[in-house]
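Novice: Annotations per TrEMBL:
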{"type": "DOMAIN", "residues": "6-425", "note": "domain 'Major facilitator superfamily (MFS) profile'"}
{"type": "TRANSMEM", "residues": "12-36", "note": "transmembrane segment"}
{"type": "TRANSMEM", "residues": "42-61", "note": "transmembrane segment"}
{"type": "TRANSMEM", "residues": "82-101", "note": "transmembrane segment"}
{"type": "TRANSMEM", "residues": "107-126", "note": "transmembrane segment"}
{"type": "TRANSMEM", "residues": "147-167", "note": "transmembrane segment"}
{"type": "TRANSMEM", "residues": "173-197", "note": "transmembrane segment"}
{"type": "TRANSMEM", "residues": "218-238", "note": "transmembrane segment"}
{"type": "TRANSMEM", "residues": "258-281", "note": "transmembrane segment"}
{"type": "TRANSMEM", "residues": "288-309", "note": "transmembrane segment"}
{"type": "TRANSMEM", "residues": "315-341", "note": "transmembrane segment"}
{"type": "TRANSMEM", "residues": "362-386", "note": "transmembrane segment"}
{"type": "TRANSMEM", "residues": "398-420", "note": "transmembrane segment"}
Amino acid sequence: MTTPRVGLAEKAGFFAGNVGNIVFSTTINSFLLIYLTDEIGLAAAAVGTLFLVARIVDGISDPVMGYVVDHLPVTRWGRFRTYLLVGGAIGAFSFVALFLAPALSPAPLVAVWVAYLLWGFAFDLMDIPLNSLIPAMATHPGDRRQLSGIKAFSYLFGGAVVTAAALPLADRIGWPAFVIGLAVVSLLLTSLAATRVRERVTPVRQDRYGWRDLARMLLANKAVIILLGTVIALTAAGGARSAGMAYYFTYFVGDRGLIAVAALATVLPTALGTIVFPWLARFFGYKATFVGALVLEAVAIGGLLVVPATGWPLALVALGVTAFGGGGALTMIYVIVAELVDYVEWRHGYRVEGAMASLGSFAAKAGGGIGAALTGYTLAMTGYLAGQEQTAEGLRGIVLAQSLLPGGLALLAAVLFALYPISRQLAARVAGELAQRRESDAVSAR
């Protein structure tokens with residue numbers, strides 16, 4: 001027995017909520033590094049260390065936050081939507097503080113350390129409930145594929161729009177007005193999601209799991225560990241690519257205006273990726289399709305290594321192919337996580353949407369921090385000069401940070417996921433047996 005199908009208005013609300021989420025992450029991943037080096041005047045290596053340490057430290061707290069979300073009182077809106085709305089407000093405030101605190105403080109490095117750590121905790125409050133929704137909204141495989149595609153497209157679409165608009169808007173109205181305006185837009189979109197989506201899936205067991213249960217279900221689960229490593233590597237690739245793009249077009253290509261063109265050039269390939277790869281998964285399974293998307297992404301972005309500065313149209317093509325593979329990879333991740341929630345419930349008896357979403361949040365933070373840190377270290381080691389004409393070595397470092405670094409990380413993700421143990425046959429068996437359990441429970445309750 002599957003849940004009722006998800007309607008169009010609900011899908012639109014889900015899309016809005018994910019756009020409201022990704023505008024924060026994209027602004028931070030794409031522009032915080034260059035904002036802190038070129039606007040605030042901090043050293044690239046110092047900022048890289050901040051990204052690495054702070055993301056890993058606050059990422060360690062994510063399983064705690066996931067446990068908390070899974071154990072929060074159930075309201076009339078369900079298990080997650082109320083806390084998505086509350087978290088959206090807190091996240092918006094923390095996002096603004098992250099950019100304004102170092103600009104207003106006499107000790108900007110200390111201020112950004114404090115603000116960045118606080119942002120990590122605040123973002124959990126909106127990110128974990130949002131990422132818990134797919135397995136809670138539907139059990140039908142078609143709905144889950146569609147919701148995963150919507151989530152992936154909204155992330156890459158919202159990210160592309162912000163990437164295109166951020167620097168021109170910040171240059172025109174100033175960074176303070178830009179980040180405040182973005183926070184307001186995000187809060188409105190998050191509110192729309194919280195009021196439009198519906199939670200349909202109820203746990204087979206109504207009692208809550210404990211800490212020992214959580215450790216047994218997640219830390220001793222090979223599938224969870226492999227997926228966690230895969231997502232860390234994948235988001236590190238995305239973090240490196242996002243952090244490096246502004247430097248690549250500003251200094252190597254020499255035309256900052258092409259950042260917006262590059263961002264918009266990825267929208268259509270992203271949309272195609274979110275459609276084509278789920279379709280391919282119907283024939284080849286999620287595992288093979290996901291690995292294929294990762295390899296395509298790695299090869300495409302790695303190809304920037306041989307593109308000259310005057311060959312920026314080829315760079316746009318490479319970024320478009322990267323977005324095509326990236327759209328497919330993101331879509332596969334979310335539907336695989338939803339299946340993994342079912343697998344854990346089938347094996348251990350508890351639904352752990354919040355805990356699983358928290359691991360995803362940890363992986364995204366740790367991976368994004370690692371990717372941005374490696375970008376900062378690459379720039380520092382190759383002699384990057386903030387706001388100045390670059391040396392040949394500095395330009396080489398910028399190209400490496402935008403090509404081989406994200407390409408190698410995406411390839412690492414593909415290698416890791418090749419070890420994933422859940423086959424399409426096992427996933428089908430799990431879904432069928434859980435449906436039988438719920439139907440049996442429903443009959444018994446009458």
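Using N, Cα and C of the backbone, Cβ positions are placed for all residues, glycine too.
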Novice: Count the Cβ pairs between the transmembrane segment (12-36) and the transmembrane segment (288-309) that lie under 8 angstroms and are 6 or more residues apart in sequence, then report whether there are at least 3.
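Specialist: They do not touch: fewer than three Cβ pairs between the two stretches lie under 8 Å.
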Novice: Report, as numbers and ranges, which residues of the same chain sit near the transmembrane segment (362-386): CB under 8 Å and 6 or more residues beyond its ends.
Specialist: 25, 29, 32-33, 37-38, 41, 43-45, 47-49, 51-56, 58-60, 62-63, 120, 127, 228, 231-244, 247, 393-394, 396-398, 400-401, 405-406, 409
Novice: For the domain 'Major facilitator superfamily (MFS) profile' (6-425), what's the mean pLDDT in this predicted model?
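Specialist: 84, rounded to a whole number.
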Novice: With a cut-off of 8 Å between Cβ atoms, can you find at least three pairs linking the transmembrane segment (258-281) to the transmembrane segment (218-238)? Only pairs 6 or more residues apart in sequence count.
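Specialist: As far as Cβ distances go (cut-off 8 Å, pairs 6 or more apart), the transmembrane segment (258-281) and the transmembrane segment (218-238) do not touch.
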